[in-house]
Amino acid sequence: MSRKPIIAGNWKMNKTLSEAQAFVEAVKNNLPSSDNVESVIGAPALFLAPMAYLRQGSELKLAAENSYFENAGAFTGENSPAAIVDLGIEYIIIGHSERREYFHETDEDINKKAKAIFAAGATPILCCGETLETFEAGKTAEWVSGQIEAGLAGLTAEQVSNLVIAYEPIWAIGTGKTATNEIADETCGVVRSTVEKLYGKEVSEAVRIQYGGSVKPETIEGLMAKENIDGALVGGASLEADSFLALLEMYK
């Protein structure tokens, strides 16, 4: 089965509104065809509405970096999936290691978010990944499989087929370290095998799996050549228009 690549930037808590607007203006007319690749930027929630307006008519898709699992209520400071979808946003990133570590999000929280996002009409980008300690102990497969099983609990086969899963080894995020292409592919293969165990081969061959962790324009091509890697979730290299476009160059 042919899976369309998805290259997604994750800005985290960076940029001002004027910088975000300038970025969209710089990239929107220079992206490869969406027939070849999905080009996505994950931006702080404050910027999504003006970015969505500016990207009209272009190939650029947008992602929220988080959402809550309720659509309304007394949840001060949170953003609902329904409100995000109402802006025309296609994707919502959930389960990032920074959310798990700093905001104490659990697998159960992330699973609730996945269900709420699908119900609202967006697509989750579900993150998983292990610490350096887990990696060095040889327990990566066990750890990542556990995160996937918990994150997908109760989702339908159709939902999982449309899901994006991002494998990001925590020890390679923003550290300058990167997993070798072989390690990245092997662990993305673990993710795919876990999906197959839960939902069958057809679903596992449909789900798209990204690698994230210090991905750069000079390293992305080797990663994308691997069997189980269908895209990248990119932090630092997505912050500047030139480097984001360089990540997509092979698809032009």
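Backbone N, Cα and C atoms are what each Cβ position is placed from, and that goes for glycine too.
Values in this document were obtained by computation on a predicted structure and should not be read as measured data.
Binding of substrate is annotated in Swiss-Prot for N10, W11, K12, G174, G235, G236; the matching candidate from S33, S34, S193, S214 at the same site is S214.
Residue with the densest Cβ environment among the recorded positions K12, H96: H96, by other Cβ atoms within 10 Å. For G174 (substrate binding site), the count of additional Cβ atoms within 10 Å of its Cβ stands at 12 [all protein chains shown]. The two recorded residues, H96 (active site, electrophile) and G236 (substrate binding site), have Cα atoms 15 Å apart. Long-range C-beta contacts of E168 (active site, proton acceptor), restricted to its own chain and to partners at least six residues apart, with a cutoff below 8 Å, comprise H96, S97, C127, C128, G129, Y211, G212, G213, L233. In the three-state DSSP classification, G236 (substrate binding site) falls within a helix.
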